[in-house]
Amino acid sequence: MALCPPADRANLAGVRHIVLVLSGKGGVGKSTLSTELALALRHAGKRVGILDVDLCGPSIPRMLRVQDSAVHQCDSGWVPVFVGQDKAIALMSIGFLLERPDDAVVWRGPKKNEWVKSLRWGQSLIKQFVTDVAWGDLDFLIVDTPPGTSDEHISTVEALRPHQLLGAVLVTTPQAVSVGDVRRELTFCRKAGLHILGIVENMSGFVCPHCSECTNIFSKGGGEELAKHAGVPFLGCVPLDPQLSQSLEEGRDFIQEFPKSSAFPALTQIAQQILDTSQRSS
């Protein structure tokens, strides 16, 4: 039996702030932002956890180089995997429950929200992931959600609503098609009564590592324009950065190892704005 926090501090009782990371479509860097936001908050001295409920694409274990780890149970629930050089970030992902890394999680309709038969009491997968992980004391829990708006989003929001839900960060790329999808995500958040912390424009230009010239490969400004139009905060632009891609491929700590990269100031400023919002809400 694995060790875990005492029952009265398990699950979400000791989590101070919960942040959802959403995107209107896949491939915009939502999981990347979730990972780097967690690392930036950790380097700011905060206790951080990541909950990866992207059922069809659980990529964060690979980004943090713990894809071969196994989860265990204790009296209070599932014990997260601890990652990072100091093992200070708690991570729970459906990726840990797949027998093989190439397995697909394929459920249709209501089955997407049913728990696997071999697990406890037939509760919904999303609800069990949200409430039955022994997180202990955390300052922030970053929740990486599936792309789009679906049953999983509703289940996640409903399960988190009674707890310290700080709000949602929406991720887009500059192109009109991605911005249009995020506009629908904004509508979902408002209908669900979910506070919007702001919009992040990812892949916003490529800064040449040799001459520092910025080339806008995917156009520019769509996320900022949407935030202005919707009346929500614009958290910043994150450029395409080969060092960021490299760190994710190799499971390295980008925030610690690449402080001179073009993406570093953007990511740390986004984290700082989340910190500022959490302090105002306390």
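Every residue number used here counts from 1 along the chain in the order it is shown.
Heads up, the Cβ atoms here are built off N, Cα and C, so glycines get one too.
According to TrEMBL, the features are:
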BINDING   G24, K25, G26, G27, V28, G29, K30, S31  ATP binding site
BINDING   C208, C211  [4Fe-4S] cluster binding site
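The ATP site, placed at the center of the C-beta atoms of G24, K25, G26, G27, V28, G29, K30, S31, has further neighbours from the same chain whose C-beta lies within 8 angstroms: S23, P147, V171, T173, S178. Cβ neighbour count for C208 ([4Fe-4S] cluster binding site) (all protein chains, 10 Å cutoff from its Cβ): 10.
The most densely surrounded of the binding-site residues G27, G29, judged by C-beta neighbours within 10 angstroms, is G29.
Comparing the binding-site residues V28, C211 by how many other C-beta atoms lie within 10 angstroms of each C-beta, the top residue is V28. A gap of 21 Å separates the Cα atoms of V28 (ATP binding site) and C208 ([4Fe-4S] cluster binding site). The CA atom of C211 ([4Fe-4S] cluster binding site) is located 25 Å away from the CA atom of G29 (ATP binding site). Shown in sequence order, P147, G148, V177, S178, D181 are the residues of the chain, 6+ apart in sequence, with a C-beta less than 8 angstroms from the C-beta of K25 (ATP binding site).
By a simple count of nearby Cβ atoms, those within 10 Å, the most crowded of the binding-site residues G24, G26 is G24. Put simply, C208 ([4Fe-4S] cluster binding site) is 20 Å from G29 (ATP binding site) when counted between their Cα atoms. Rounded to a whole value, the Cα-Cα separation of C208 ([4Fe-4S] cluster binding site) and S31 (ATP binding site) is 24 Å.
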